[in-house]
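A.B. asks: This is the feature table in Swiss-Prot:
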- K166: active site, proton acceptor (ACT_SITE)
- H285: active site, proton acceptor (ACT_SITE)
- N114, T164, K168, R286, H318, S370: substrate binding site (BINDING)
- K192, D194, E195: Mg(2+) binding site (BINDING)
- K5: N6,N6,N6-trimethyllysine (MOD_RES)
- K192: N6-carboxylysine (MOD_RES)
- K325: site 'Transition state stabilizer' (SITE)
Amino acid sequence: SVGFKAGVKDYRLTYYTPDYETLATDILAAFRVTPQPGVPPEEAGAAVAAESSTGTWTTVWTDGLTSLDRYKGRCYHIEPVAGEENQYIAYVAYPLDLFEEGSVTNMFTSIVGNVFGFKALRALRLEDLRIPPAYSKTFQGPPHGIQVERDKLNKYGRPLLGCTIKPKLGLSAKNYGRAVYECLRGGLDFTKDDENVNSQPFMRWRDRFLFCAEAIYKAQAETGEIKGHYLNATAGTSEEMIKRAVCARELGVPIVMHDYLTGGFTANTSLAHYCRDNGLLLHIHRAMHAVIDRQRNHGIHFRVLAKALRMSGGDHIHSGTVVGKLEGERDVTLGFVDLLRDDFIEKDRSRGIYFTQDWVSMPGVLPVASGGIHVWHMPALTDIFGDDSVLQFG
C-alpha cells in the first residue's frame, strides 16, 4: 500500500513548478507577494497557488481520490519587483475546471477568497488576470456594448457628456427632476443619480423615476436628441433591484445604473442579463473600489475589477480621470481603459498589463471619466480618453 507522511509540509514541493508550460485554457494570475521575513519567495508563491486552488496545510487521505496534477494551481514563475525590497511578482496558473462557468463570484471566491489572510504573507496584491476565451465565452458580458449604445442614442464620433445631479442628497423628487431637465435641455446627453441615491425618506425611488422620466421626455421633445438619466436601481435585495429596473423599462427610459462592488457581482450579472433582454443600457459605478485597490502592495488592482465587470456586464464604468495626477498613473489608467474597450490587448508591463488579453468578440465598455472634472479639463480628457468615453462632470 502507498503510505504517506502526515504533518505540515512545504507548499513548494507540490505547487512551485517553474518548468510548467501554461495552457491556452488556464486562468493566469499575477500576484505581488510580500513574504514574511524568513519565508522564501518560492514558498510564498506556492502557498498562494495552493490556498487559492486545491491545497490545505497537510496531506489528507482524500487527496488519493482525485488527481491533484489535474486540479492544482501552479506557481510557474517568480520575479523580484524592481526597486522594492522583499517583494515579488508570483505568476500562478489555474486549470479551467476549478471555476464555475459564467460566475465572476466563483472566480473571485476561488482566486482571492481565502489567501489574503495567510500567515506566511505580509501582504498580497492581485495585479492582473488573464481570462482565456474558453472562460470568457461562458459570460454574456456587457448588455449592449459601445457600438450598439451609439446606435441606440444616434450619437457618433465624440465622447458622450454627462453630469451628476447635486446636491446628491436632500432634494425632493420634483426639484431633482427639474435639475435633470435643465441639464439635458442645456445640451448634455446624460444626467446621473449619485451612487448613494437609492430610496431614502426624502425621495423614494419611484417618485424620482417618474419625475426624471418626465424631464427626459420634455428635453427630448425640445431638442430632438435622445437623452438619458442613469436611474440608480441599486437596492437592499436583488429582487428589489430588478423591480426598479422593470419600472425603468416600463417608463421607457434608456438606461439604469448599478453600484457593482457594493451591490455584488451576483446581483450585477443578474441585472446585466435583464438589461440585455429588455433593451436597457447599464451604467456601472465603482463605489467602494478604493477600499480594495488603493494600497500599492495589498488588495486587488482596479484593472482586475474592470476585467471582471466586462465579464459580469456593464455598458459604462467609472475609471478615474487621470487629470492633474501623476504621469505614470496615466499609462496605467489607459492600460485598463484599453482592457475595457478593445478586443485584443497586448502584454505591456509599462502600462501594468501583465498578460496579453484576448476578449474575442465580447462587447466593449465605455470608460467614464468622473470626479472633480470641469470644462478646463476638456482638452486633456479628449486627448487621454479619445472618442469612446463618457465625460461625467460635477
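Quick reminder: no glycine exception, Cβ is built from N, Cα and C everywhere.
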A.B. asks: When DSSP is mapped onto helix/strand/coil, what comes out for R286 (substrate binding site)?
C.D. replies: coil
A.B. asks: Taking the Cβ of each of the binding-site residues and counting other Cβ atoms inside 10 Å, which one has the highest number: D194, E195?
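C.D. replies: Result of the Cβ crowding comparison: E195.
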A.B. asks: Look at the recorded positions K166, H285, H318 and tell me which residue has the greatest number of other C-beta atoms within 10 angstroms of its C-beta.
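C.D. replies: For the recorded positions K166, H285, H318, the Cβ with the most other Cβ atoms within 10 Å is H285.
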A.B. asks: Comparing the binding-site residues K168, K192, R286, which residue's C-beta has the most other C-beta atoms within 10 angstroms in this structure?
C.D. replies: K192
A.B. asks: For T164 (substrate binding site), which residues in the same chain are close in space, meaning a Cβ under 8 Å from its Cβ, but six or more apart along the sequence?
C.D. replies: T191, K192, D193, D194, S370, Q392, F393, G394
A.B. asks: Among the binding-site residues N114, S370, which residue has its Cβ surrounded by the fewest other Cβ atoms within 10 Å?
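C.D. replies: Result for the binding-site residues N114, S370: minimum number of other Cβ atoms within 10 Å at N114.
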A.B. asks: By CA distance, which of the recorded positions (K166, E195, H285) lies nearest to N114 (substrate binding site)?
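C.D. replies: In terms of Cα distance, N114 (substrate binding site) lies closest to H285.
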A.B. asks: Hey, how far is H285 (active site, proton acceptor) from H318 (substrate binding site), Cα to Cα, in Å?
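C.D. replies: Pair distance, Cα basis, whole Å: 6 Å.
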A.B. asks: Do any of K166, K168, R286, H318 (recorded positions) have a CA within 10 A of E195 (Mg(2+) binding site), and if so which?
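C.D. replies: Close recorded positions: K168, R286.
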A.B. asks: Look up K192 (Mg(2+) binding site) in the DSSP assignment and reduce it to helix, strand or coil.
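C.D. replies: DSSP call for K192 (Mg(2+) binding site): strand.
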A.B. asks: For a quick check of understanding: given the listed substrate-binding residues N114, T164, K168, R286, H318, S370, what is the maximum Cα-Cα distance in angstrom, as an integer?
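C.D. replies: Largest pairwise Cα separation, rounded: 37 Å.
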A.B. asks: Taking DSSP as the reference, which of helix, strand or coil describes N114 (substrate binding site)?
C.D. replies: coil
